[in-house]
Every structure is written in C-alpha cells, then in structure tokens.
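Asker: Pulled these from Swiss-Prot:
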type     : residues : note
DOMAIN   : 2-225    : domain 'Peptidase S1'
DISULFID : 8-140    : disulfide bond
CARBOHYD : 21       : N-linked glycosylation site
DISULFID : 27-43    : disulfide bond
ACT_SITE : 42       : active site, charge relay system
DISULFID : 75-232   : disulfide bond
ACT_SITE : 87       : active site, charge relay system
DISULFID : 119-186  : disulfide bond
DISULFID : 151-165  : disulfide bond
DISULFID : 176-201  : disulfide bond
ACT_SITE : 180      : active site, charge relay system
C-alpha cells in the first residue's frame, strides 16, 4: 500500500492493474493501451493473472476484467545479477481490454518530468511501514519529485541514471510492499514505475526509487510495433 495516504477515489485509477497469483495480490501495473500493461521487471512471476477495474478486493465492480499474460518483455540488455537494473517489464495481454466505467488506459509520457513536480502514487500495498498491513482498497498520496542526488546519497549502490527519486526527505509518505510495479503520475503523466525503497517504508531521509518511464518509451513502442530485438537505454 501507500504509507501516509488515503483511499483513492474509485474513478481516479482506471488504468491501475492488480497482479495476483495463488498466494494473492503481489504487485501493481499500468494499462497503457487495450492490449499492453507496464510493470516492474522484479514483479515477474509464474502463473499470475491481472485484474482491471478493481477497487475493493472484497466488493466486485460490475466491469472488472481478468487477463493472463500472452507475452512478457524484459530489457534484453538487463543485468540479471542486479534486480533493480532496468526494472521494467512490458506485458501483452491474452486478449484486449474493453474500456468501461472503471477501466481506461493511461498514455505514455510526452516529455520527461521536472524536479519539484507533484506526483501521485497509488496501490494496494501495505499501509504500515514495518509489520505489513494490506488494505482492501487502493490508497493514494501526493509526493514530490526530488533531485537525483537525494537518492544517490540514500542508495549509493542502487541508483541508476534511468531512475527517478520521489517522496519527502522527512519521510511520511511513500510506496511500500505490494505497491511495486504501480505508477508514479506527475502532472497527469505516467512518469515512473514503483521499483525500490527503504525497508521501513516512509522513513526519511530515503525517498522511493522509480523507473523513469520516459527513458523507455522508445523501447516500449518498438516492442508494441513488433520489434522485439529493441534494446533499452544503458
């Protein structure tokens, strides 16, 4: 869940995808068009499904849809010994999604985000930082996009040039366990994918690390067009 947030409005997360397997919910993702979902590479798993149109895990929406992955794409130049390297996965669904009251895609960004931007985080992950407590509904919060140097200092061994740093130096609001793969939305644009953070979520001075979606737009578009040999930025 999201630390320091509140229940999302039921109409603000039509693009948010819930990943689940036999053990239950485990990650989030973002619907970018009727056939494709973007999530974190570290969310890859066997025998998972994706639910769209979900708000409460206990109260069904009449337009919820479930899909299986048909194809999964991870950067061919990813260093598999480093979990957070190129932490992005593109998934083709087994059949297209129909737009509905609670389901609609979110477009890829048209420009990179700016430091200082107010960004929205959301997910069904833990709402408590230490002993995990998972809510039935997604929580949302606003955080700030910070300068790279903040996360380079906080996570010297995890920082990548293709990542974003977002949160608050004093802590308080953050993504947490179960939010991985979900979106970071800055000024209305899909700019980041939840990747990594401090093991005690929401604790300063370590904000969250997000994969920078803008850096991967060319790779995403090439794969959707059928060029599966496309490589990701270094």
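Glycine residues also receive a Cβ, built from the backbone N, Cα and C atoms like all the rest.
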Asker: By a 10 A CB contact count over all chains shown, which of the recorded positions listed here is most packed: 21, 180?
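Answerer: Result for the most crowded candidate: 180.
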Asker: Checking the recorded positions 42, 43, 75, 140, 186, which are within 10 Å of residue 87 (active site, charge relay system) at the Cα level?
Answerer: 42, 43, 75
Asker: How big is the Cα-to-Cα gap, in Å, between residue 201 (disulfide bond) and residue 180 (active site, charge relay system)?
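Answerer: Checking the Cα atoms of residue 201 (disulfide bond) and residue 180 (active site, charge relay system) gives a distance of 12 Å.
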Asker: In whole Å, note down how far the CA of residue 176 (disulfide bond) lies from the CA of residue 232 (disulfide bond).
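Answerer: Counting only the Cα atoms, the answer is 26 Å.
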Asker: Within 10 Å of each Cβ, count the other Cβ atoms, then let me know which of the disulfide-bonded residues 43, 151, 165 comes out lowest.
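Answerer: Minimum Cβ neighbour count within 10 Å, taken over the disulfide-bonded residues 43, 151, 165, occurs at 43.
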Asker: Restricting to the disulfide-bonded residues 119, 140, 151, 165, 176, 186, which ones have a CA within 10 Å of the CA of residue 42 (active site, charge relay system)?
Answerer: none
Asker: Averaging the per-residue pLDDT over the domain 'Peptidase S1' (2-225), what integer do you get?
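Answerer: The predicted confidence over the domain 'Peptidase S1' (2-225), as a mean pLDDT, is 92.
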Asker: Secondary structure at residue 21 (N-linked glycosylation site) (DSSP, helix/strand/coil)?
Answerer: strand
Asker: How big is the gap, in Å, between the Cα of residue 43 (disulfide bond) and that of residue 165 (disulfide bond), rounded to a whole number?
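Answerer: With the alpha carbons as reference points, the distance is 20 Å.
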Asker: Fill in the CA-CA distance, residue 176 (disulfide bond) to residue 27 (disulfide bond), as an integer in Å.
Answerer: 11
